[in-house]
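In what follows, a single structure is set out as structure tokens and then discussed.
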């Protein structure tokens, strides 16, 4: 399709007319239009146009100054749009469709909400559902930028040139003012720049009024946003909600047990944590009465920059997967699959090349559960871009390989672990996965853990029948393999065959495992154990320490580790979080295991309010912290996500 012509517009316009100025509705969908085909000089003649359909084309941007000031309905679905700021030229827009533009993210949705205060519907849904989210973000950013302005102005000397100082302020605000999740950083920095420039402009108008410093006017008042979050592409068979109902529970003050001072073993002082948010975001049918949905797994999104840390966590349970910002407690995304029960989630980061040759970083979330399907979610764009029919039975757990960002392990109740290569999305932004290996197990695999020192060579799994290891090197000819070594945790006739339902590497050598003995978590050396195996198929682990845990006989409480901080975490049957600082063991492993070590501290269940009563007790199925240990997320058996923050 070449450039548009007046004749084509009259052919596809309604009502039929030989004058462009009388057309009120125009359908330009499916014409393979490029951005340069939209001629502002031609389109501005559509002075009465109220409805425009540009769906199913190849548009990367919308030209400025199209002159369609009366436009009320705009459809831009299934294009290649990467920016939405040009939409501000349509101040009367009421309905907007943007689904199927894979490079638009939640940041663009928020920009749309801010720029178009008259919007009523986005992608066919009520656009006012997330009003409070954008409003709260804007209010907090305005407050922080204003405080930064006052601090900045107080440091200026009288001799400093005002123009240069004000330009420096805008740069420093964009660099230093932070709020909200990393996934919203594009929107927040965009707003910070706008607010900063408004403050600078306001200060210039006041220079002649007074010499004494005054508090800057409320920034952004002329652009009070309508906070509406647009939901992007949704598969027809699996609805996606980007504006889930979120129920926060008020909580009395939490009780924390454990000494907050340095121990005699030389460990660091215990960190202080406080409960921040309690969310019911996995409720069946979005019912606030649901205190029964079991939540099973959570994982923090990988940081976008090396050395940084993430505050965005994915949680799963029931028929929903949620992505939550730990700082604000906002549910950023919610993916629902009716009839599914999600058991596991895992993140990876992929570099995708667009049709225009640009590179984009995608955070991809894999989620799986009862139906044996793996769903690959492009979280920031908000849609499912692939489904792997991985197993005929339920998937208990999954994880990505640290060595290969596209390699995904899935472990199922069919007693198989399969290694997949999910690849990178094609031009239609769909994954085409291929199967690389099948690993047979003698019992149901519960936890997967690539060996930290050689993740592309060995895989550990905690199973109903014990702890096993497989050779996963891809340069070997066999594509179906059995367990190479089984690890046992004690001597005697009952040494093997015991469930291992918790497994994590604390560093490249030391493994934390749970389930082999009641009331204990075992720390053992991979290097020493593997080095002493010889040709044996059953090997006793070299135990370095045993950590005291709950004496419950209940199973399936998953443990996790925070390697950067030398911390091991595990929930229990009463809603508590057991925290162990094992940094001293990592620095100097003991020659012989010492006596059972007590936890560094126990975070007692804070007993939040729900349905007008206190939730006095629950089971914490899993607990995970981000790399810097600033946030901790605990998932319960009673549909409550508990988020703790470091004080």
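Glycine is no exception: its Cβ is also placed from the backbone N, Cα and C atoms.
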243, 287 - the residue Swiss-Prot records as phosphoserine: 243
Taking only the residues in the repeat 'LRR 3' (70-91), give me the average pLDDT of this model. 92
Contact between the repeat 'WD 4' (426-472) and the repeat 'WD 1' (282-335) is defined here as three or more C-beta pairs under 8 Å separated by at least 6 residues; is that satisfied? no
Top stretch among 70-91, 341-379, 598-646 for CB pairs under 8 A with the repeat 'WD 4' (426-472)? 341-379
When the repeat 'WD 2' (341-379) is classified with DSSP, how many of its residues are helical, how many are strand and how many are coil? 0 helix, 29 strand, 10 coil
Lying 6 or more residues past either end of the repeat 'LRR 3' (70-91) yet within Cβ distance under 8 Å of it, the residues of that chain are 29, 47-64, 97-104, 108, 111-112, 115-116, 118, 354-356
How many helix, strand and coil residues does the repeat 'WD 4' (426-472) contain under DSSP? 0 helix, 25 strand, 22 coil
Report the DSSP secondary-structure composition of the repeat 'LRR 3' (70-91) as helix, strand and coil residue counts. 5 helix, 3 strand, 14 coil
